[in-house]
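I have placed the structure first, in the form of structure tokens, so that the comments after it can refer back to it.
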Amino acid sequence: MAKPASPRSGQRRRMENFRKVRSEEAPGGGGAEGGGPGSGPFADLAPGAVHMRVKEGSKIRNLLAFATASMAQPATRAIVFSGCGRATTKTVTCAEILKRRLAGLHQVTRLRYRSVREVWQSLPPGPTPEQKPSEPAASLSVLKNVPSLAILLSKDALDPHQPGYQPPSPHPDSSSQPTAPTPKRSLREPAAGEGSAKRSQLEPGAAEENQTT
């Protein structure tokens, strides 16, 4: 007997007939850290700080080029990398690379959730069997809670007791530097001191042979 189809598989088949038109942040999606959609996770951020919004299709090379040039200016004291959903991994990568390029940066990481509304529209060629030809294309609105990550990197010292604080990374020690490769010797070439040791072992025998003769 055939098993009944699960509700999730039926929903997946229905979503195949739709395409995503736009995605926008829903009102009141401040998340666990508080604040409205327009306020960031760092309320006491110094004026003039650079805010880098990382998206799923952003190029890391372009983001880091702008971030490095901005942080090279003495007037720029802090920078924030923020991304949500699938862009969180790219957000962490940008922050870690910038920390290696510029030493002495203090870091604060904040994780919260954002409410995102996705608007989907039915695909052409037209209406579904339940629709009449005169009816417009059907639209669907989906509300999702996606993780949002914000990383603050500051040249100035920050409060070490606040959640998510990380001190500047120490300078790399000598153990992390690559060591010079040791030269390889051939199988027929004796090691240093090996030939002299063999000669010293043969000397008593040679002396006895000289005495017998």
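A Cβ is built for glycine as well, from the same backbone N, Cα and C atoms used for every other residue.
Taken from TrEMBL, the feature region 'Disordered' covers 1-44 (among others).
The annotation compositional bias 'Basic and acidic residues' is assigned in TrEMBL to 13-25.
TrEMBL lists 27-39 with the feature compositional bias 'Gly residues'.
The annotation domain 'DNA/RNA-binding protein Alba-like' is assigned in TrEMBL to 51-114.
According to TrEMBL, the region 'Disordered' annotation covers 153-213 (among others).
According to DSSP, the domain 'DNA/RNA-binding protein Alba-like' (51-114) comprises 29 helix, 19 strand, 16 coil. Averaged across the domain 'DNA/RNA-binding protein Alba-like' (51-114), the predicted model reaches a pLDDT of 94.
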